[in-house]
Amino acid sequence: SRRHKLYREELNLTSPAAPLSLQPEASWLQFHLGISRDGLYPRSSPTINRLLRDMRDFPTVSADYSQDEKALLGACDCSQIVKPSGVHLKLVLRFQDFGKAMFKPMRQKREEETPEDFFYFVDFQRHNAEIAAFHLDRILDFRRVPPTVGRLINVTKEILEVTKNEILQSVFFVSPASNVCFFAKCPYMCKTEYAVCGNPHLLEGSLSAFLPSLNLAPRLSIPNPWIRSYSFDGKEEWEVNPLYCNTVREIYPYSNGNRLLNIIDMAIFDFLIGNMDRHHYEMFTKFGDDGFLLHLDNARGFGRHSHDETSILAPLSQCCIIKRTTLLRLQLLAEPEYQLSDVMRESLLQDRLAPVLTEPHLLALDRRLQLILKAVRKCIDTYGEAKVVANDTTQPEAPASDRVKLTT
């Protein structure tokens, strides 16, 4: 606190810098303008690579808690928050171009697997899982994960000395090893023993680009029909009823359109990364009921490379339907010359924190991909290809009028 006070006093002695103006060519703004009903960004978008570079290199100008931590403290409207937990520390960092990103610090080393005795809802959140999930989502051509990049943050200069949040200032301390640490301020699991620490100041983490504000691009948050039981002994209907999908198909909007197919895309994605914690999904209201589902909050993926949680594939195995475009992409990535692990390895080398995933996690992707294709083959053998493979290859490109509009 004394260090921070001295820093503020020193800052006030200097003449204030000229106010910055919003630049229309800012990468985060171009990212927002490029959102369409086809995905968060176009294929091969140069804007995304520029945005990743800016998030990695731009200095931070402010730091604050995220909305769910604020909800726990009673400092914001909780109506827009899906499930404020506060268990896992994350911060909102702002940059000089008015862009902002969600920072999730390293809590677990890459070579550490989630213990077998951990329930999915008390698992660690992993910064490298957020990074890898973005790359995998782009390789699968879903384009539903916000751009995410790894970065080394100086927690003193880039968080403590730029935050105006006194609560955040108060949770910084120096550890017995002389490392600068901080922790979350919330009702539970927010003590010094759950802190994250620099070495002594540098801490690696993931930065995920923010989506347009809810005022400009409203979103719906919808419970996943295949939500898991968040208790130690309960089970949901889909876990005990193999015909559960018949019930889902009778309920709007799963009774027609692409919503069910998009749920199955999401299940395939989650199975590949090993994420069991998809309790809700979000979508932009502008694109209607057939809009794509956002694949947010992937930090509980890539926890156990030695285990394949096939229950995540329940939407696919119970409904026995898949988009043709999704199936074609999966089949391509199963070919030796385009093997998923090789494509992921090459893609992740672009990140400054490479290697982002250990080799066992990369090889697990190939193994899980084969299990997905096996499940599809079983469905085709039972019901025939015409009923299992949904033809979505003739959909027209979204018109310009369907792009997210940002207005003042």
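The first residue you see is number 1, and the count goes up from there.
Glycine residues also receive a Cβ, built from the backbone N, Cα and C atoms like all the rest.
According to TrEMBL:
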BINDING   K104, S208, A209, F210, L211, E282, D297  ATP binding site
DOMAIN    172-389  domain 'FAM20 C-terminal'
ACT_SITE  D277  active site
BINDING   D297  Mn(2+) binding site
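This view paints the features noted in TrEMBL onto the structure.
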residue: K104; record: ATP binding site; Cβ neighbours (10 Å): 26
residue: S208; record: ATP binding site; Cβ neighbours (10 Å): 25
residue: A209; record: ATP binding site; Cβ neighbours (10 Å): 24
residue: F210; record: ATP binding site; Cβ neighbours (10 Å): 15
residue: L211; record: ATP binding site; Cβ neighbours (10 Å): 19
residue: D277; record: active site; Cβ neighbours (10 Å): 20
residue: E282; record: ATP binding site; Cβ neighbours (10 Å): 16
residue: D297; record: ATP binding site; Cβ neighbours (10 Å): 25
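Using a 10 Å Cα-Cα cut-off from D277 (active site), the binding-site residues that qualify among K104, A209, F210, L211, D297 are D297.
On the 0 to 100 pLDDT scale, the domain 'FAM20 C-terminal' (172-389) averages 93 in this prediction. The maximum pairwise C-alpha distance among K104, S208, A209, F210, L211, E282, D297, the residues recorded as binding ATP, is 20 Å.
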